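Here's the structure we're looking at; comments come further down.
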């Protein structure tokens, strides 16, 4: 008897869904070449069984400042066990593909550390790790496409049984029509319970049925907030629209700390939702439940069988991002099966191919086409709702740093939000959540579903000296820090705080100017008499641009002295260049004060980070 067909295992760790998309693509491409593949999340796989696997492909994303997805944390803790020897995985061959953003300092950190750890445990690489970059014009797929070709080639060299007909022989696209992973059950309206569903229950049920859910505890909101204030912070003449929002808790309150983040679920434009439903020939009033197709044989829909069916329009509104997110490449491939127009079919198949990747990027991501716009551009396509539910990007909550203190602002939550708007190819594009928030008024009394969580800025004890760097809206969490220290100072001593703030123009972009300047005066939290200081960099107010890193260098002696007194560094703001520039300025100060090398200064700051005294929260 011949040796049996080899099977490929693809394990993924995803926070927002990108790594899942990439893993599914690897699985599909393997199967097109005749190699069966199974795909699983790292939190669904028993890591103790890794030594029994022959070949595993890992697809892992890196979030924020080198953080791993929630679904990876337990898996990683297992791999770090000291009792696992350097030959524990000697039979395993593996490949790692990472998804990251080179705008961040710890670019693809999770993929790099996983690759190293697997090697330390005795495993052998199939191909060099692939590192996908969000900053690339074509996104992570620019690296994934050639990386997969190398993967197939090397697997075939290791054992031709992976691809019986060779790694380059593929099943034609029109012969492999996958089934959607989910099915829709329609319910008669008269059989439904008549009582109104609570708003939080409706959100939990809709999002609990959504294929886009990546964490079970993210379906039901922690609570609801109601807006009490919507104030424009920037002045006339500014190129930005930055708002100060205040909210109060509806019914129950949630305890939070300074430095925490809150995630808001935005509402989509109702006319766009109606247009999507009309374009797809759906009945907005029908009641549905959504369940994984794999449970069909069991005669149930798993957990959702006990759920009250939900109105189709409500499901779309709460779970499917039809107005702001661009669809993935696979969306175009599936569309090609459901078009009746030959020219449309040809164009869609081209977009779905490796050759058409760059043209698809120019059409789709570069122009930031929404799902609705893409469907309008291909009028003959009639995709079944099951496919739309699976492939339309999920509506994700948007995270913001909290700019209030529960001590100074009891029962309130404050946010500092830049309203996102830009022009691309003569089209004005707007950020979904920030534009929606800016449109709200307290009089509307809209209940906003929210989730609270820890960010990258741990709440500091009042005895800890602080060096804060927060240009632009990066100042948001530090407004909470200073407000909290002001309350604490009324009853006990507090440690000094230095704060470096930056913006374009003093007259138009100086966010919370009165607040900072009042605390910089004698006796305030940022006053020099209390050992702190407030330092501003207005980049466009003079011929030579001045940024926060320049002000840090100017105050090098004071910065160094405070660090020697045990101060913690907190940096918040745009991820593009600022965190790296601040790090470089600090390295220079360490080199100058110690007489050491750049490498030594870098190690010194890394030790600070390891000790929890160098914290960065950056966003793109």
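Cβ coordinates are placed from backbone N, Cα and C, and glycine is handled just like the others.
Taken from TrEMBL, the feature FMN binding site applies to 14, 15, 16, 17, 18, 19, 61, 62, 63, 64, 134. Within 10 Å of the Cβ of residue 16 (FMN binding site) there are 16 other Cβ atoms, across all protein chains.
Sequence annotations record features per position, and here TrEMBL assigns FAD binding site to 368, 398, 399, 400, 401, 431, 432, 433, 434, 619. The Cβ of residue 432 (FAD binding site) lies under 8 Å from the Cβ of 266, 268, 321, 323, 324, 398, each of these being in the same chain and 6 or more residues away along the sequence.
On its own chain, residue 546 (NADP(+) binding site) has 502, 537, 538, 539 as residues at least 6 apart in sequence with a Cβ closer than 8 Å to its own Cβ. TrEMBL lists 473, 539, 540, 545, 546, 547, 548, 549, 581 with the feature NADP(+) binding site.
As annotated by TrEMBL, domain 'Flavodoxin-like' applies to 8-152. The domain 'Flavodoxin-like' (8-152): residue composition by secondary structure is 58 helix, 34 strand, 53 coil, according to DSSP.
The domain 'FAD-binding FR-type' annotation in TrEMBL covers 220-458.
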Neighbour count (Cβ, 10 Å) for residue 63 (FMN binding site): 20
Rounded to the nearest Å - Cα separation of residue 16 (FMN binding site) and residue 368 (FAD binding site): 18
Cα separation, residue 399 (FAD binding site) to residue 473 (NADP(+) binding site) (Å, whole number): 13
Rounded distance in angstrom between the Cα atoms of residue 434 (FAD binding site) and residue 18 (FMN binding site): 23
Inter-residue Cα distance where the pair is residue 368 (FAD binding site) and residue 134 (FMN binding site), in Å: 14
Among 14, 61, 63, 540, which are recorded as binding-site residues, the nearest neighbour of residue 401 (FAD binding site) by Cα: 63
